[in-house]
Amino acid sequence: MTTELSVARGRGAEPRPPRRDDNDDIGPGKLSLRYRLNRLDVKVSPYLYIAPFFVLFAVVGLFPLLYTAYISLFEWELGADEQPFIGIENYTALLADSQFWNAMVNTFSIFAISTFPQVVIAVLLAALLNTALRGRTGWRMGVLLPYVASLVALTIIFGDLFGVQYGTINNVIEFFGFDRIDWQAERWWSHVAIATMVNWRWTGYNALIVLAAMQAIPRDVYEAAWVDGASKVRQFLSITLPMLRPTLIFVIVTSTIGGLQIFTEPLLFSPSAGANGGATNQYQTVVLYMYQAGFQSQDLGYASAMAWVLFIVIIAIAGINFLLTRRLASSGEA
């Protein structure tokens, strides 16, 4: 009896024959081909997903940039039968053009007055919106309204506010016993007025970007600082600002790029002046001068050279800002 049970158990313990699979008929060559296709799909698919962006960038970004550089080497005027090649003469003429340097000074002046206060106010406004305000969602939406509003409408409104005779700003100034300011005729005050328009539009937008970065900071860090006796000001200086450095780098670089390309605000600040930027070009920016040369004087070669010089200046300034802020961030972490 025991022997029969052992034999039965021994037979039951024998290994079962392997199941036949449909892939058994596939040879090594076909398995290798399928493996290669899978590997190729894994490697190529990510590039195919991002390819539409690079194709679109090449069509609407890279090609116009290179074609502008090509046009800048010619005496390219609209309506002319020929466009002779003149090499770098447009660039040499541009560097000797006093109106171009005047426009460059105006551009940097408006940029300095608008960008630096804009970033500081955006950080402070974000810190205020990050507190337990009543109706804070409405306030956060409200600071974005100047950005989504029509830029043309805002510029016209601010042009009326800064009017010489009937402007609200001058009425307030006169109410306090000061003389009226000719915002459109004086160089410095016209820059202040245009910078005010820029700050009004972009401060809320940058504040929301900084606010999103503030809300990403772990609350445990603030709780630990509070336990150690750190005040709100000390927490802001020692925790919030250091952890906002990557976001501040982004805001500063984008504000630099936008500030050096300012166009609509000075163009519509005084509709009668147009692209001249005032009677004596007192607030004509580089982009305004570029528009005047290209579309009013129809000298596209000269305007293209101006565009490339401005492009190089913007890249250089943005790169310097990035390196400086990154150096400050690394030194602060050390």
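Cβ atoms here come from the backbone N, Cα and C positions, even for glycine.
Worth saying up front: this structure is predicted, and the values here are computed from it rather than measured.
Annotated features in TrEMBL:
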COMPBIAS  11-22  compositional bias 'Basic and acidic residues'
DOMAIN    104-321  domain 'ABC transmembrane type-1'
REGION    1-27  region 'Disordered'
TRANSMEM  46-67  transmembrane segment
TRANSMEM  108-132  transmembrane segment
TRANSMEM  144-168  transmembrane segment
TRANSMEM  188-213  transmembrane segment
TRANSMEM  243-263  transmembrane segment
TRANSMEM  305-324  transmembrane segment
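Taking every recorded stretch in 46-67, 188-213, 243-263 and counting its Cβ pairs under 8 Å to the transmembrane segment (108-132), the highest total belongs to 188-213. Long-range Cβ contacts of the transmembrane segment (243-263) within its own chain (Cβ-Cβ under 8 Å, at least 6 residues beyond either end) map to 107-108, 110-111, 114-115, 118-119, 122-123, 194, 198, 202, 206, 209-210, 212-214, 217, 221, 285-288, 291, 310, 313-314, 317-318, 321-322, 325-326, 328-329, 332.
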